[in-house]
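Novice: Just dropping this structure here.
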């Protein structure tokens, strides 16, 4: 059974906080284990195989983050005026954007031993190439800027209309990837500061369209099974010579790929069903569990910014070896655990400092 309800002021949204925390754990995992997962012989070693399953198993994290943003920011009841919305988003995102790009500009200079000229740093900033994954700032800023245009449609449309529009927009990048070979085209994705958001506009809308869609019983069991299957399929498929070419063509493992989008939707729906005051994971939606989820969910922007420093620092200190790829399973998991615990701990402490809080 499926229950579809319009979000209300009294509904529990702690599942959103928990899912944000889970998604950032996924992002940290991807960046921590990527050097092992990307190794040419990864599938022939235990540590490489584990890294692939950890990395690709978390691949839904980026579209999932965007869905969660849509589930909150596209709520007409809490939107207010365009000017108020944009001021709030600017206050939340711009200080973090500036600080973390300056931070990693300094880190790149430290790595290279020479100062990166400011013009080069600026160019790499707006193309998302200054440092790993900082392009995500441009995704969320771009979606914030387009929200005043989207909110008018959302506020006057039915859930079905929002879902249809979201699915159609999410299909555009997925089809672009799936038809590269038939069209004999190259991968041409315009990924710059002012266009990065477009590929995620569909899942942004889907986040609001699917909020309040509560799965129960057989529907929940079926979606849970399909979600697990999609995650496992992606892990098996990625860089696997045994995967059929048609699968690699129509649904490549990518943040824009059809399989990844469906995987993210499944995780979203299952979490929304389970992390509720009357759900199977009700312990996370009540009392201490709810407060913990809210606290961890609020720290995700800071964890995103900080964790990349630990991904670089641990090999520099010789923890798990002196190369980006860990030497064995133990060091791989150890680095991941240290990065997660240290990032969350530092951010949670620093968020208590008013000025510092603005970039975390």
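Backbone N, Cα and C define each Cβ position, glycine as well.
Note: TrEMBL annotation is automatic and uncurated.
Feature annotation from TrEMBL assigns transmembrane segment to 12-30, 50-73, 93-110, 130-154, 161-181, 193-210, 217-239, 254-275, 296-313, 333-350. Feature annotation from TrEMBL assigns domain 'Acyltransferase 3' to 14-349.
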Novice: Mean pLDDT, the domain 'Acyltransferase 3' (14-349)?
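Specialist: Mean pLDDT for the domain 'Acyltransferase 3' (14-349): 91.
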Novice: Counting only pairs 6 or more apart in sequence, are there at least 3 Cβ pairs under 8 Å between the transmembrane segment (93-110) and the transmembrane segment (161-181)?
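Specialist: Not in contact, no.
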Novice: Which stretch from 161-181, 193-210, 254-275 shares the most C-beta pairs under 8 Å with the transmembrane segment (50-73)?
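Specialist: Out of the listed stretches, 193-210 contacts the transmembrane segment (50-73) most.
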Novice: Looking at 130-154, 161-181, 217-239, 296-313, which one has the highest count of Cβ pairs under 8 angstroms to the transmembrane segment (254-275)?
Specialist: 217-239
Novice: Which residues of the same chain, at least 6 past either end of the transmembrane segment (217-239), have a Cβ under 8 Å from a Cβ in it?
Specialist: 1-2, 42-43, 52-53, 56-57, 59-60, 247-248, 253, 259-260, 262-263, 266-267, 269-270, 273-274
Novice: For the transmembrane segment (130-154), give me same-chain residues lying six or more residues beyond its boundaries with a C-beta closer than 8 angstroms to one of its C-beta atoms, as numbers and ranges.
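Specialist: Tertiary neighbours of the transmembrane segment (130-154) are 27, 31, 62, 65-66, 69-70, 73-74, 76, 79, 82, 85-86, 89-90, 93-94, 96-97, 100-101, 104-105, 107-108, 121, 124, 162, 165, 191-198, 200-201, 204-205, 208, 304, 308, 311.
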